[in-house]
Amino acid sequence: MGENIFTGIAESLRAFLYGAGVPPLASELIVLIVKLLAVIIFVSLNVVWLVYMERKIAAYIQCRIGPNRVGPKGLLQTVADVVKLLAKEIIIPRRVDKVVYLAAPILVFVPPMLAFAVIPWGDGMAPIDLNIGVFYILAVGSLSTIIFWMGGWSSNNKYSLVGGMRVVAQMVSYELPLVLSLLGVIMLTGTLSITEIVNAQRGTWFIFAQPLAFLIYFIAGVSEVNRVPFDLVEGESEIIAGPYTEYSGMAYAMYMLAEYGNMMVISCMCTIMFLGGWLAPFGWTFLPSWFWFFIKVYLMIFIFMWIRWTYPRIRVDQLLGFGWKVLVPLSLANIFVTGVGMYIYRAIGW
Amino acid sequence: MFGQGLLKGLAITWKELFTRKVTVQYPEEKIPLPERYHGRFELDVDKCIACGLCANACPNKVIQITREKVGKKQYLTRYVMRIEYCMFCGFCVESCNKGALRFSHVINMNQYFRDKVRLVLVDRPVPEVLPEEEPAKAADGSPAETRGKTARAEVAAGKAPGKEG
Amino acid sequence: MKTQTYVLNMGPQHPSTHGVFRIILELDGEVVVKATSVPGYLHRGIEKLAEARTYTQVIPYTDRMDYLASMLMNWGYVAAVEKLMGVEVPERAEYIRVIVGELSRIASHLVAVGTYSVDIGGFTGFLYCFRDRERVLDLLEMVSGSRMTFSYFRIGGVADDLPPEFFPPLQKFLKDLPSLCDEYDGLITGNEIFQARTKYVGIITPEMGIKYSLSGPVLRGSGIPYDLRKVRPYGVYDRFDFEVPVGKNGDCFDRFVCRIKEIRQSARIIQQAIEGLPEGPIMAKVPKVIKPPAGEAYAEIESSKGILGCYVVSDGSTKPYRVHFRRPSFINLGYLDELLVGWKIADVIAILGSLDIVLGEVDC
C-alpha cells in the first residue's frame, strides 16, 4: 500500500505526455526535470525540518523544551528564522574578495543537491540511476571542501583563515578513510551502481558483513559534515565560527542549512551502503519501501544529533592523527581482510 | 578507556532525553518568589517619618528625599529612587527603623525610556491641614484622617511608573 | 620555504574568554609563539570607590568582584574589617557563613565545570551544570533575597537568619548532589575525547605554582594540598571534617577534576554545619556607625578561585582610607602568558578555562 505512489505519479505523467503526443525524448526530459525539482524541493523542506529536529533533540537532551512558540509545537520556528535572516543585511566587510565571498554561500548548497540526484529514495525511485553512483557521490561530496575554503579565504579574517585551513586539512584526510571503507562493500558487490548495491543486501545488510567499514564510514562521515566531535571548522569556542565568521544574514544561513544537507547525504549513503537502503527488515513489507528508507535515514540523523549533543570537540592534531594513524590503516586492513575472505570463499566454492 | 566513557556519555544523554524538563515558560508560569526577594521598592507613606536614614545608608546615593518642615514635624513631599543606579543591596530597607520601606515582589521594572526608569514613590504637596491639628484628630479616629490616608495611598500608587511605549 | 608568524587578537569579544579578556597571540600556524594577556576591560575601580563609602557600604561592591561566588567575596572583606575592629562573630553567624559560603563555592564550581565543558566543545554539560546551579541560587535567594549579588554578610555577622523553609530543599539538594556529580563525571570527565583534550595540557609544576603564588584549585591541581580552610582555618572551619582534593600532574584535567571533587567536599561541610548549627544571635555587638580604630588589617579566606585577601587601612573615620583586594583570579592569571607558549589555539581555550577566571574579579 502506498508503495507505488511516487513511481505511479511518474508513470502517469509519462503516459499523459505520451498521450499528448510529445516525442519520447522530450517527455523523458520533462519527467526527469520534474523528478529533480521534486527532490530539490523535498530536500530544502527537509533541511528546514532538520534544523527544528536538531533544536528539539538538543533541548530534550539538555532538559529544556526547545522552540515551542512559533506555530504548533514550534514547528514554524525555522521558517520564522529563515524569514528573519532573509530580511537581514548581508554585511560585506572592507577588503574582502567580493566575488568569492558572495559566491561561496551560494555554491555551498550545490554539492549536496548534486548528490541527491542519484539517491534512490525507494524501490526504483532514484531520479537518475547512474551505474557509477557511488563514485559520483564521493566525487561530488569532496567538492564542498573548496567552497568552505573559499569562504574562509575570501573573508579577510584570521579566524576565517584558520577555519578554512582546518577544512582543507580535515576533509582531505577524512576523504581517504571514507572512500576506502566503502571499498569493502564495492568489493563484495562488484558494482558501483547504488541500486545494485542495495539489491545485493537482500540477504544480509552490509552492516553485518562489514561492521568495521560501517564504523569507519560513520566516523569519517561525521568528520565530512563537520559535526561534533569533529566540528573544528566551526569550532565555536576557539575560532568563533571558522569560515562563517564574517558572514551574516542569509549568507550565514546558507552555510548552516548546507550542513544539514550534507548530513542528509551522509545519512543516505550510510543507509544505502550498510543498512539495506529501502529494503524492509525481517520482510516487514507492510510499509512502503520509501518509508523504510526514511526511517533508516532519520535513525542515522538522530545518531548524528545524539552524538553532537554529547561529545566535546577533538583537537586539530588529534583529528589528523586519528584519521591518518587509525582510520586509514584500519580501512586498509578491512579491505585486506575482505579480499582474503572473498578469495577463501571462492576457493571453497560455497 | 577505548570508548567506554564515550558510551557512558551517550547513555547519560539518552537518559536525560526522557527526564522531566526544567524549563519554566515565563509569562504563563512563574517561579514562586521567596519571602525576602528584592523586587521593586514600596513605601508605606504613613509610617515614613522622613528621617533620611535610607538615603544615608545607600552606597550609590540612589534615594532623593525632599521634605518640608511643617510646624515641628518633617513632612515628606517627594521620595524618588534613581533606580538605574540601584544595586538592590537592601541597605535602605534594613536601615528603616519604622518598617516603611519594603521590597515588593514586583520584578518587571523594565522601561523603554531611560527617563521613565526613575521610581517616584511619593510626590505630594504639603497638606492644607496643619500637622498640629492632625494628631489631635487621629487620636479620636475621625473620618478625616482615614480619608487623608486613602488619598495619600492613591497618590503613592499612581506615581509608580507603568510600562509605556 | 619562508614562513611567517601572525598575530591573532583573541578577545575582548570572544565566546570563550569568559568575559572581556584579551589575549594577543602570536601564532605559527596554529601554535602559539608568544602570548600577551591584556586584562582591564572590566575595571570599575572598586578599590577606589570603596574609599568614598562607609565600611558597610563597601559590601555590595565586593559582590561585584567574583560575581559567581559573591558570598565568599563578602566574607573576605568583612573578615578584614572584623579583624581591624576586633569583633568576635557569634557562633551561629559563623555557621551560617559556612553554609552560604560553601553553597556559593558549589555554585561557582558548577559554573567552572560547565563553562569548561563548553570550552572543550560539549554544550550539554554546561546546561546540566547550570540546571543544578539554579537550585543553589534558589536556596541563596531564600536567604538573601538576591540570586547573584547577595550582600548578605555584615560586619559582625550576617544580615538575616536562615529562614525555616530553607532547610528542606537544602537537604534534598545535598542528597542529590553526589548523583549529579556522577552525571558530570560520566558525561564530561570520563569522556575519552575530553581526556585527550585536557590531559597533559598546560602543565603547571608544583614549583612554578608556588613561585607564581597560585592558589585554589589551580595550585591544588598540581598536587599541593594548600587550602586555607585546612592549613590556616578561619571562622569555624577547624570543626569540620573534610578532605582537600589534589591532582597529580598539574594539567588541565587535574584542575578540572579538583573542582568536581571540591563540590562533593563542600556538600560534606554543609551537612556537618547544618547538624552543628547552634542557636544564638546572628550579629555581634557592633555600633550602628562603624568606626574602626586607626590601623590596618589583612585577612585571607579561601574563595572558590583561590585565596582572597583583603587589606583595609583605617584612619579612624567612618570610611576606609584604603581597601585592597588580593584577587585570586588575577594572581592565577599571571602565569598564563608563559603557560600558553607552545600550545595550539584550541589549547589556549582549554588552559584559560582551566584557570577558571572571572573577569569581574581580575579587573576588579
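Including glycine, each Cβ sits where the backbone N, Cα and C put it.
As given in TrEMBL:
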- A:29-52: transmembrane segment (TRANSMEM)
- A:99-121: transmembrane segment (TRANSMEM)
- A:133-153: transmembrane segment (TRANSMEM)
- A:174-198: transmembrane segment (TRANSMEM)
- A:204-222: transmembrane segment (TRANSMEM)
- A:260-284: transmembrane segment (TRANSMEM)
- A:290-307: transmembrane segment (TRANSMEM)
- A:319-345: transmembrane segment (TRANSMEM)
Chain residues in Cβ proximity to the transmembrane segment (A:319-345) (below 8 Å; excluding those fewer than six residues from its ends, i.e. six or more beyond): 169-170, 173-174, 176-177, 180-181, 183-184, 187-188, 210, 212-213, 216, 219-220, 223, 230, 232
For the transmembrane segment (A:260-284), distant same-chain residues with Cβ under 8 A (at least six beyond the ends): 43, 46-47, 50-51, 54, 109, 111-113, 115-116, 119-123, 125, 134, 137, 141, 144, 182, 185, 194, 197-198, 201-202, 205-207, 210, 213-214, 217-218, 221-222, 224-227, 290, 292-293, 296-298, 300-301, 304
Spatial neighbours of the transmembrane segment (A:99-121) far in sequence, C-beta under 8 Å, 6+ residues away: 6, 36, 39-40, 43, 90, 92, 127-130, 133, 136-137, 140-141, 143-144, 147-148, 150-151, 153-155, 194-195, 198, 243, 246-247, 250-252, 254-255, 257-258, 261-262, 264-265, 268, 272, 277-278, 290, 293
Same-chain residue ranges lying at least 6 outside the transmembrane segment (A:29-52) that approach it to Cβ under 8 Å: 10, 13-14, 17, 22, 67, 74-75, 77-79, 81-82, 112-113, 116-117, 121, 127-128, 256-257, 260-261, 263-264, 301
